[in-house]
Amino acid sequence: MDIVDVVETELKTNEIIDSVSSPSCGAVSVFVGTTRDNFDGKTVLRLEYEAYLPMAKRKMLEVCADIRKRWKVENISMIHRIGVVPVKEASIVIAISSAHRKESLEAVQYAIETVKAIVPVWKKEIYADNSASWKKNKECAWGTDDVPSNEPPVERTTEISADESGDGAQGMMMDKL
């Protein structure tokens, strides 16, 4: 089972772990990305995330499909938070179960690196000095440089239905976990 979602509420890590647990699996590996209170010598107050939801979910399902081609895993859950994410709270939780730890550990590492590179989610850091900066992930395939700004990234207006992509990714897109 593949569960992907993008939500505006606090992530419930234990529930996400539970969603991938299985009696046939001896391992559940988890990555929890949290907001830290500093970046490059500046005090960070919070992060603000935006996403192109239909494509973000589809790209997350593509990552799930790719993981299944590479490793023998049972269940995958990737939940990304958007909106305001305070310091110490989770922005993303990825949980993957497998019969043995090697597969789930490798799959989780691959998942976070790939999600950061291809999923259209943008992050703005809000600093204590009242400045802000849209940040790109170093893995990001489309980014150039960080943009000091209070403006969001370029608006995306194209609508893409779930079956238009032809990429073969399948799974369950949930509105709420």
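Cβ coordinates are placed from backbone N, Cα and C, and glycine is handled just like the others.
Curation plays no part in TrEMBL annotations; they are all automatic predictions.
Per TrEMBL, the features are as follows:
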BINDING   HIS100, ARG101, LYS116, LYS123, LYS124, GLU125  substrate binding site
REGION    141-177  region 'Disordered'
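Its Cβ taken as reference, ARG101 (substrate binding site) is surrounded by 13 other Cβ atoms within 10 Å in the chains shown. Minimal Cβ crowding within 10 Å, among the binding-site residues HIS100, LYS116, LYS123, LYS124, is found at HIS100. Same-chain residues at least 6 positions away in sequence with a Cβ under 8 Å from that of GLU125 (substrate binding site) are, in sequence order, PHE39, LYS42, VAL44, LEU47, ALA132, SER133, LYS135.
Across the annotated binding residues for substrate (HIS100, ARG101, LYS116, LYS123, LYS124, GLU125), the two most widely spaced Cα atoms sit 37 Å apart.
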